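**Student:** OK, Swiss-Prot features for this one:
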SIGNAL    1-26  signal peptide
CARBOHYD  Asn75  N-linked glycosylation site
TRANSMEM  118-138  transmembrane segment
TOPO_DOM  139-145  topological domain 'Cytoplasmic'
TRANSMEM  146-166  transmembrane segment
REPEAT    147-270  repeat 'B'
Amino acid sequence: MLGLQIFTLLSIPTLLYTYEIEPLERTSTPPEKEFGYWCTYANHCRFCWDCQDGICRNKAFKNHSPILENDYIANCSIYRRNDFCIYHITSIKPHKTYRTECPQHINHERHEADIRKWQKLLTYGFYLAGCILAVNYIRKRSLQTVMYLLVFLVISFLLSQLMLYGELEDKKHKIGSIPPKRELEHWCTHGKYCNFCWDCQNGICKNKAFKNHPPIGENDFIRYDCWTTHLPNKCSYEKIYKHFDTHIMECSQPTHFKWYDNLMKKQDIM
């Protein structure tokens, strides 16, 4: 009974941390409170912009400089399930579909602060459980029982720490400021405002990854130095502008870029 109580105590922070996100039915306009999320990935979607007299201002990021209205701003529809989010670009035929992982879109600094908070709670829980074990030993003098429970407590504590700190280890793998040329199409689908996606000359910027992308005027939209991280099971890019902000997605995304998956498989074989 005592072991069950200790396990419950240690599990509460982890259970709270792994909450599910409410589903969202298909719509062309996300809830206002979610603009920051959708307009980070789908920042060329029309619902992110307020355009008047040819000048467009970003609804989600008020400090974003205005840009001229052009073909970069497209009509989109979105929907969400518990484990993934999808947005469709409907103003282009054939329609293009992109998938992102909803629970992992989170400000890196805030994410790390949350992990530190739960780590402290787990530590306090560990101390409390140790006190309970000590009291139990003093009362019943059952050293063997206390040792079994102590081992169980330590294992549970370490497993909880591994679960919480897993994502903080990402920076130790394959980090670079400029991705390989063969991967530009992949990275520039998500991090399209990263400066490695654009070739700017005389105030006009052309997209390096998508040759059919119309040129746009150089502006603050293209101002981020980005760092990319490529892991075996997921990729992330980090914006370096005032505050670090990390976004994570599966390396195989977007799913319609089959050439990227095939290229990676060929490299593994070689």
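Using N, Cα and C of the backbone, Cβ positions are placed for all residues, glycine too.
Any idea what these are sitting next to in the structure?
**Tutor:** Cβ neighbour count for Asn75 (N-linked glycosylation site) (all protein chains, 10 Å cutoff from its Cβ): 14.
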**Student:** Should Asn75 (N-linked glycosylation site) be counted as helix, strand, or coil on the basis of DSSP?
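**Tutor:** Assignment for Asn75 (N-linked glycosylation site) reads coil.
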**Student:** Can you tell me the mean pLDDT for the topological domain 'Cytoplasmic' (139-145)?
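**Tutor:** In the predicted model, the topological domain 'Cytoplasmic' (139-145) has a mean pLDDT of 66.
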